[in-house]
Every structure is written in structure tokens, then in C-alpha cells.
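Engineer: The structure under discussion is supplied below as C-alpha cells; questions concerning it will follow.
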């Protein structure tokens, strides 16, 4: 079985593949201070009886990746390991000014999106930041957009405005909030949906094509219900990319 690990700034998504089938997945908090020993205990607890025969990793957190490398050496002996970094074969041409700036997770999303849907495509990843990544008809990564993530925006409001606080991220009963909680929820959910819809429309106009828009990331399931432009929901898009890149390198 393939262990796929996507280390993000806030959360780490872990999946186990049996062939092309995602047999299980977990979302845990990313801790850049965690030691290799702590990670060994964590992953042994998650995996239980699963017999891992390969590991595929991407990370946007260098400190976390260093400990993860040591964990893999300790916990998994004599099995192939692929870490997505410069020099790794991905099959994705990176057509931006400085290809080294493209995060490994964005390249995995590009790879998976083109594999599943072809192109052109727009991947909207609702994570710590909201990323829109653009995939050409040939599967090239041609650029993207960064915007503050929903939780970052909510944290900023709660910390900077004395009368506001963090709320559950669900759609309120109406766009016009009847309470502080509903007003915040409306701004977060409908506001982000409107922002994404506006950006997707602008991207489609610039590409002059109706590119498929794919939502992924932890909060995608909330926003896609309120969006007018998001076409598909693939919650494990990055993990699928990790499976594909493993196959290309082993």
C-alpha cells in the first residue's frame, strides 16, 4: 500500500492507497516542532495494520519535512520513497517566471486535475490560503492566484475587532445576517464564494475558454454549495497527485 503525505501550513493530510483506491485518509494538525520520534508514534497509530510498501510526500513546511524524512527512515525500511522537490519527475511543465516558486502541493494538484479532467482547468484549493492554480490543455502549470484563506480572514477579524469572535464556518440561514455570528458567517462563506466566482470568471475570460473549476482543500465542501462557478469537488486531489508522481518515479 502507498502512504501519501501532504504537509500543509495548518494541516497534514495523510492517505493510504491500495492501487488506485484511496483506502483511508486522515487530517492532522501540522506541527513543525514535532520530532521524528513523535511522528513515528503518530503514523504507527494511524496506519495500524496497513502494510506500507511505498511513501510519497509533498510539503510546504521545510521544518516539518526535515523531521518527516527522519521518521520515514526509522519507520519504513527498504521501501521506495518519493519526496516532491526540485528534480523529482512530475511530468508537469512549470511555465512561470521562476519555477522554483511553485509549491509542491500546487504541482500535485495540477498533475491530478489534468489526469482526472484534462484541461484547461482551474484548481481552487481552500487551505491556509485560497489558491487558484491554472492548468493548460496540455497539463502545464501556467500560474495562479493567492488570496487569504477563510480561517486566516476569520482569525484576523476576531483578533483585530473587539466585538467579533471566531464562529463555526457554516452557511447562515440568509445572506443578511440577523446576528453577529450570522453576519460573520455570511461574510466568510458567501464572501469567499463570491470572491472565487469572480476570479474564476476572470480566468475563464483571460483563457477564452470555459475551463473546468475543481474545488479541493479542507473547506471546499462548505464553499462549493454556495458557488456559481465551481464544477467539481475532489477533496483528495493532492493525495491523488502524490500517487501519480510516485508511479512516475518508481
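Yeah, the Cβs are placed from backbone N, Cα and C, and that goes for glycine too.
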Engineer: For the ATP site that Swiss-Prot assigns to 6, 7, 8, 9, 10, 11, 12, 13, which of the candidates 88, 90, 110, 128 is also assigned?
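Structural biologist: The candidate from 88, 90, 110, 128 that Swiss-Prot ties to ATP along with 6, 7, 8, 9, 10, 11, 12, 13 is 128.
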Engineer: Cα of residue 8 (ATP binding site) to Cα of residue 105 (active site, proton acceptor): how many Å, rounded?
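Structural biologist: Pair distance, Cα basis, whole Å: 8 Å.
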Engineer: Taking only the binding-site residues 6, 10, 12, 128, 180, which one has a CA atom nearest to the CA atom of residue 105 (active site, proton acceptor)?
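Structural biologist: Going through 6, 10, 12, 128, 180 one by one, the closest to residue 105 (active site, proton acceptor) is 6.
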Engineer: Taking the mean position of the Cβ atoms of 6, 7, 8, 9, 10, 11, 12, 13, 128 as the ATP site, which residues outside that list, in the same chain, have a Cβ no more than 8 Å away, listed in sequence order?
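Structural biologist: Leaving out the recorded residues gives 30, 60, 61, 127.
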Engineer: Using C-alpha positions only, work out which of the binding-site residues 6, 10, 12, 125, 128 is nearest to residue 104 (substrate binding site).
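Structural biologist: The answer is 6.
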Engineer: Within 10 Å of each Cβ, count the other Cβ atoms, then let me know which of the binding-site residues 8, 103 comes out lowest.
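Structural biologist: Taking 8, 103 as the binding-site residues, the minimal 10 Å Cβ count falls on 103.
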Engineer: How many Å lie between the Cα of residue 106 (substrate binding site) and the Cα of residue 125 (K(+) binding site)?
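Structural biologist: So the Cα of residue 125 (K(+) binding site) lies 9 Å away from that of residue 106 (substrate binding site).
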